[in-house]
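Read through the structure below, which is laid out as structure tokens, and then see the notes.
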């Protein structure tokens with residue numbers, strides 16, 4: 001069988017690596033006009049199959065974009081020569097529903113082969129996760145390329161832990177030109193979804209090495225968490241991140257005001273005087289939260305590494321280079 005068609009296709013993709021594009025709305029209006037509709041359709045299917053999955057997919061944008069920009073490096077599986085980001089400290093046993101992105105990519109490849117990047121899928125799917133659960137809808141800028149590699153170490157070095165305090169989070173977000181308001185609004189992504197007992201055991205039983213629970217926890221809520229996450233129990237048990245875990249709303253901020261934040265990194269936003277004003281604002285004004293969240297997601301989506309990229313056929317692996325085709329044929 002002739003290798004020429006394969007070589008032509010892969011050489012075409014190699015030109016993509018070096019050309020790059022400016023992000024813009026409706027990027028696929030000519031090359032794949034139904035791209036955004038296809039992504040939303042697949043997200044609806046995922047939501048029907050498992051409601052929690054859309055919250056899981058929404059988190060991909062944060063965990064991807066903070067590590068060397070929005071390039072779908074998060075989606076790459078480990079290889080013998082590369083430790084990717086899926087097993088980094090902030091992602092292992094935490095991020096899930098990668099199969100939803102697989103399904104979206106498969107649908108897009110059928111409609112528009114080798115056209116829509118996995119990095120753009122992450123951005124569109126995150127937006128749709130919010131909109132489909134009652135939150136804001138916004139126009140996304142597209143035209144990203146997929147990374148050629150990933151780094152577990154880079155993820156470990158950048159991503160915050162559930163123990164992070166507000167001061168650390170402020171400094172982290174400032175590194176990416178995201179304001180305090182952006183940071184607090186984007187933390188509202190925890191309006192939907194669940195977290196593991198593993199992430200809060202120290203809050204319940206040994207906050208700051210005291211051997212005591214976090215004093216910021218409202219007593220009745222602490223008792224609820226004690227029952228959910230007993231000392232010595234299964235740390236993979238999950239609990240709701242706010243009182244309305246399947247609805248994107250401002251209940252998350254109301255819970256923080258009342259001392260019912262699930263994660264330390266959430267509750268610290270209310271105990272810190274710099275971030276408290278935004279928590280109170282969003283708890284009282286859902287429309288303002290929605291506006292700030294959408295603006296923050298757009299800013300987050302603008303983070304780019306400037307590294308070479310491609311349009312992956314499979315979001316879990318980089319494309320074979322022409323030399324790879326020759327070696328295995």
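For all residues, glycine too, the Cβ spot is worked out from N, Cα and C.
Of the listed candidates (187, 189, 191), Swiss-Prot assigns 191 to the same Ca(2+) 2 site as 242, 244, 249. Take the CB of residue 160 (substrate binding site) and look out to 10 A: across all protein chains shown you find 15 other CB atoms. On its own chain, residue 32 (disulfide bond) has 108, 111, 112, 115, 116 as residues at least 6 apart in sequence with a Cβ closer than 8 Å to its own Cβ. Listed in sequence order, the recorded positions from 177, 190, 206, 229, 236, 315 having a Cα within 10 Å of the Cα of residue 70 (disulfide bond) amount to none. With respect to their backbone Cα atoms, residue 236 (N-linked glycosylation site) and residue 190 (heme b binding site) stand 18 Å from each other.
Listed disulfide-bonded residues: 65, 112, 229, 315; maximum Cβ neighbour count within 10 Å falls on 65.
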